[in-house]
Amino acid sequence: MLIHFAAVLYLVGVVSSQTNCFRHEHSTTNITGLSPCTSYIINVTSVGSSGESSQAVGTTATSAPDKVSQLKVTSTSVSTISIQWRPPSNADCLVAYQVCCSLADGTQSNCTTQTRHEHAATNITGLSPCTNFIVNVTTIGSSGNSSEAVDIAVSSVPEKVAGLETTGTSVSTITIQWHTPSNTECLQGYLVCWSLVDGDDNGCATQTRHEHATRNFTGLTQCGRYSISVTVVSSSNDYSEATNTTAFSNPPLRRVSNVRALETSSTSFLVEWDLLTEDAECLVDYAVCWGTGIFRNNCSSHPLDLAPAINFTGLKNCATYSFTLTARDESGESAANTISAILPLTPDNVSSLTTQSVGPSVIATWTPPSYRPECVVQYEICWESSPGNQNCTVQESSVTTFDITELTPCSEYVVGVRALGQPDNSSRVNTTANTAPKSARNLTFSFANATSIVAEWEAPSDQSDCINYYQACLVVAGKTVCVNQTRDITTAYISDLRSCTSYAVGITVWTDGARSSVLSEQVDTTAADGVNARQGSLEVRSAADEANGTPHIQEFIDKTDSKRTILQSLVLEMCATNCYSENLYLLPVFLTPSPSNVQVPDVPNHLHVNYAETDLLNVQWRVPTVNYECVQGYIVCWRSSGDQTEGCLNTTNLEQVITGLTPCMNYSINITAVGTIGASQTAHMSARTRSQAFNDISILEVKSSDSTTLEVEWKAPTKNSECVQEYKVCWIGQETGEEGCMIQTRAITKATITGLISCVNYTVNVTAGGALKNSSIVSMPVMTNSTLIQDKPAIQNLSLSRDSESNITVTWQPLVEGMMCVRSYNVCWEQQSHPEDSQCLELPSSEDHLTISGLHSGTTYTVEVSAVLVTGKTSEIIREDIPISAPTCLSPPPHLLPKQAWGPVWPHRTPKRRPCKRFIEYPDFTHGNHYLAIYLSDTYNIEKSVNISTS
């Protein structure tokens, strides 16, 4: 059966009364006029030529949601477009929105989808500036079908300008410049607006893209603060975001000059300076800051109507004060001018000068002056043994002792000390000191038993007359025992000693309160039992007391030396009464050590730190493994790794608290077991006291600098500086952003920073670092010197070119491209014949040429160019001469020329080379001559020439 057309039947919902049918010849059709978001049943029945129809084939479909309305652009930027719309009124089947953006020609389309629950708005980002776009929004139904798209045309705004800055100002003008946008295809021009912040002076002006990216505002309110904006205007008249800046219509601030400090009393200064007379129309006041060292924390404002002077009173004697002057206006303050001054006073004399002689050295000690001790800069110490043989040295004011070495033994010296101050020094305080003799020689021990020893030595060579006496000393039971002998006796007998003990015997030579260096040797007493007798050298000289039968010993004589007298009687221990016969005599026997009885203890075990504090260490150990029964005590010694201070203690305990130590310090600790006849080897360990917080460094200052180097120095923290492990020195260039750091050890409190850029302001930070904490950063702003620039001209390749008979152009180049030292250029010119008529003009550092007009011909001009540095100083001046030649004058007029034919002045030459003046030449009707009428302008160029007819 051939089907000629189709009948379409659709049913809305379940209401049969809403059924509609129509015939259609094609196999596809569009059903229109439906309600949005509505479900429909669609039946298709084929109808034959006879009118008979087939069974209906049905399907279900939902109509799409309605389209959005009121689509609009809410904002645009360089790369973003924001839009919003109103959702359809019937949103039952609305699922999402599809937002598409393409170029105006339909290409480069990008689409995004957002749900119906999101706001009816979106931001389209990542766009190109100055570009036309088509944006459309389509609703998407629950069945996936979509509504008709709603379109809108929009353009992204142009890119805003960058680098807007003020390049020059004066009393009523401001000059700005900026960088053009990177995308200039749609750039049409700029809208430049200005407005006085505290007034009604405002306006706007446009300029095309072909003009320079700069603007000069003139006729402004003097000394006013202006808000300035620059906006890019595109070819479609879209405006970019405005770029804003603030500028002041005032001249650049000049540096205060001739700052000086005059001492008016012992505690006051009068600080004066020169008032600014140039470019001072907008000046507000002067700022004066002062303080000691680099810290100038006290500041005050000095009004313009007062005299340029301030009297500072109540200052400290001998302290260095710094005074800084700056000029200020509404835009800020000028470069600072800083001077330093000190109130000089003379310190009083030192007091309590004493001397102590040890060996060939004399230690002088004194007390600082009681009056004006802060004025002491150094101490001078002088000594002499005879007139004309004086030696002197100086040392810091913080040290009040001095060791004078390499002196002649047994000599008398005059020692003097005086305080050095500013401007004068104190008087010298003198005292006398006797140097000690040389030390004794060749100390030996001719006798030693369990309880006594005999020491022998030799006198110093060639100094017997200088010696008063000898002193032999050793430590017995924790006490120092000494025996004095006259200068004729060089031996000493010392008894009541401990057996099996090692003693250090020291011999000192004394004279008039001075002592020599100690000559020391070790000696061991013997064991109390198991001894061998020393025979034949000693005999007993005694008698029995027949009355009571008790033997006793009065004196011993050593037969080897009849001059030696034993100084103390030996006390004999006798047995009980039943142990000896009535007539028994006990002979004394001098004992020597028996090798079989020598017992030396082993090394102490398990040496460790029990606990540590900031100023003490508690160390413990165990007894030796071998021969521990021979231990009679322990020697505990320690030495610091820093200042090498050391000490020793004797103890019988197995622990020791070592006090008086320094925080944050490494210590080397040794423990030795002392036996009856000797000491063990040493047990060794390292320990460290606890860390303690320290404060900040102080007095950070610049010691020296040049164009590329800074040498800074500081004082270590005043509290617990020994806990500092290192110093971190960092710097950053304020104009360049250049930065760097370096580490110094705790022993070095200075740093040399190299590779810097001339005339850049640097901030130097120093931090003390430790195991417990770091100190706060101490900062110091500093500018590198411009000696590289000041010693040389800051410009090069100065050239002069003549543009016309009265104009010249001066051109120069900076010595170093991008030189940051130059603030501006000074260009001056003068006639060599009239130097008093010199004229000058200051130009920004960005300029490299100047055209000078209105010059007079027939003379030679001298042009000078120099650079004004950011430090306020001026570089070396570069000069060039250029002659301005006079025009060639005409010859005198003929004698027969009528007077009325002469011009105001007929051109002629004069000895003074005065230039030709404007003239008019007339014809001579009498002789029928024709003359040329010439008009010369003031610049001496021929402006017009014509032939004058006799008719």
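Glycine too: its Cβ is placed from the backbone N, Cα and C atoms.
Listed features, source TrEMBL:
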type	residues	note
DOMAIN	67-160	domain 'Fibronectin type-III'
DOMAIN	255-345	domain 'Fibronectin type-III'
DOMAIN	346-439	domain 'Fibronectin type-III'
DOMAIN	603-693	domain 'Fibronectin type-III'
DOMAIN	696-790	domain 'Fibronectin type-III'
DOMAIN	794-888	domain 'Fibronectin type-III'
SIGNAL	1-17	signal peptide
Across the domain 'Fibronectin type-III' (696-790), DSSP labelling yields 7 helix, 52 strand, 36 coil
Considering only the recorded stretches 67-160, 255-345, 346-439, state which has the highest number of Cβ pairs under 8 Å to the domain 'Fibronectin type-III' (696-790). 255-345
Secondary structure tally of the domain 'Fibronectin type-III' (794-888) (DSSP, helix then strand then coil): 0 helix, 59 strand, 36 coil
DSSP tally for the domain 'Fibronectin type-III' (255-345), helix/strand/coil in that order, comes to 0 helix, 53 strand, 38 coil
DSSP-wise, what's the residue breakdown of the domain 'Fibronectin type-III' (67-160) into helix, strand and coil? 0 helix, 51 strand, 43 coil
Using DSSP, what's the helix, strand and coil tally for the domain 'Fibronectin type-III' (346-439)? 3 helix, 48 strand, 43 coil
